[in-house]
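Structure first, then comments.
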Amino acid sequence: MPNIVVLPGDGIGPEIVDEAIKVLKAADAKFGLDLNYEQDLLGGAAIDAHGVPLADSTLDKCRKADAILMGSVGGPKWDAIEAAKRPEKGLLKLRYELGLYANLRPAILYPQLADASSLKPEIVAGLDILIVRELTGGIYFGEPRGIRVLENGEKQGFNTYVYAEHEIERIARTAFEMAQKRGKKVCSVDKANVLEATVLWREVMERIAPEYPDVELSHMYVDNAAMQLVRAPKQFDVVVTGNMFGDILSDTAAMLTGSIGMLPSASLNQSGAGLYEPVHGSAPDIAGQGIANPLATILSASMMLRYSLNQSAAADAIEAAVGKVLDKGLRTADIYTEGFEKVSCQAMGDAVVAAL
Ligand code: NAD
C-alpha cells in the first residue's frame, strides 16, 4: 500500500490540498490505487505546534514515504522570525535531507486559457515546456554565507555559488532523459561569461550530452533566456538550470501560462521518491476565502501518480478531467474572464471529481 505523507502547510495550503486529496480518493476508487495518507505539519503550522518549521518526527515520516504531497508554506504571521527558523527553512531542509535534487516544473498552456496569459495568444498558444531546476545546490545552499561586520563597521552580506561535478551530472541526466520523452531538445542556462561555477556547469553538460545522441543540447546565458522566454517561449523544450536561475525562470514561465494557480511541480531524488507541490506560495492575501485555484495542487497529485507511484493511467485521467472542467467553462477567480462561470476552490475540486 503506497504511503503518502500529506503536508498542507499554511495559507491556502489546507484548502487546496483538501481538493487534491478528494480527487486522489476518486481516482483511487476508479483505478484501485490503494493509497494510504498520513497528514503532518510543515512551515508556519509546524512552528506554532513544535517551535520548528520541520519536526524530526515529520522528517522521519517523509523519509519512509513513497511520496509527499504538499500545499505551501509561509505567511506574514511568521515573517518576523529569525531567518534560520522561518517556514521556508522547513521546506528547504526537507528538500535537502531527502536529496530532492531535481525540480520539474512543466509550463503548459491549456488552450482554453490562452486569453489568460499576458502575452499574445499566438506567442503562447500550445506552449509546453519543462523547466528542470537543480534544487539542492548552488547559491541557496553554498557555504560560507551570512552577514558580517567589516573592519570599518559596515555590514556585508555574502553567499557562495558552488556546484560540484556530480551535482551537475545528475541534473544533466534528468534533463536529457526528460527530453528523450518529449521534444528531444535541452537548453542549458548559465552565466558562463561571468560565473566560474557555471563555466564548470557548461563543461559538464557538454561532457554528458554525447550519452544522449538523440537529444540536441544548446546553451544560453540567463539574461538572454529571461528575454527569450517572453519573446518566443515555444522555441524551448526542456530548460535545465541551477537553483537560483531556475527559481526565477520557472516563475516567468509560470506567468506565460496566465496563472500561477495552474502549475504543478515535482521534486525527485535518486530513489524515485518525490515531493509534489504547486509552484505558487501560500497566497496569504486570499487564504481562508475559499477562492484559491486548487488545480496546480490537483495536477501535482497527478504528477505524483505518474513519477513516484507508476500510475500513469490514473494520472492521464486526472489531467483529462481538468481539461474537461475548463472546457465546461468553470474558472476560479485567478483565471476568470468574462463569459465564464466563476467557481470556488471547493466547487472546482468537486467538478474535477465529477469529470473523473
Ligand atoms: P504567492 O504565490 O503565494 O502569491 C502570489 C499571488 O498569486 C498572490 O496574489 C496570490 O493570491 C496569487 N495566487 C497564488 N496561488 C494562487 C492560487 N492557487 N489561486 C489563486 N491565486 C493564487 O507568492 P507570495 O505572495 O510572494 O508569497 C506568499 C507566501 O508564500 C510567502 O510567505 C512566501 O515565502 C511563501 N512561498 C511559499 C512557497 C512554497 O511553499 N513552495 C513558494 C513561494 C512563496
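Backbone N, Cα and C define each Cβ position, glycine as well.
Note that this is a predicted model, so its numbers are computed, not measured.
Among the candidates ARG86, ARG105, ARG231, the one that TrEMBL lists alongside ARG95, ARG133, ASP223 as binding substrate is ARG105.
Here the recorded positions are ARG95, ARG105, ARG133, LYS191, and the one ringed by the most other CB atoms within 10 angstroms is ARG133. Relative to ASP223 (substrate binding site), the recorded positions with Cα atoms inside 10 Å are LYS191, the candidates having been GLY75, LYS191, ASP247, ILE291. In this structure, the CA atom of ALA283 (NAD(+) binding site) is 17 Å away from the CA atom of ASP247 (Mg(2+) binding site). Ranked by Cα separation from ASP79 (NAD(+) binding site), the recorded positions ARG95, ARG105, ARG133, TYR140, ASP251 are led by TYR140. In this structure, ILE291 (NAD(+) binding site) belongs to neither helix nor strand by DSSP; it is coil.
If you take the C-beta of PRO87 (NAD(+) binding site) and look for same-chain residues 6 or more apart in sequence within under 8 angstroms, you find GLY9, ASP10, LEU42, GLY43, GLY44, ALA46, ILE47, PRO53, VAL73, GLY74, GLY75, TRP78. Closest to ARG105 (substrate binding site) in space, going by CA atoms and restricting to the recorded positions ALA83, TYR140, ALA287, is TYR140.
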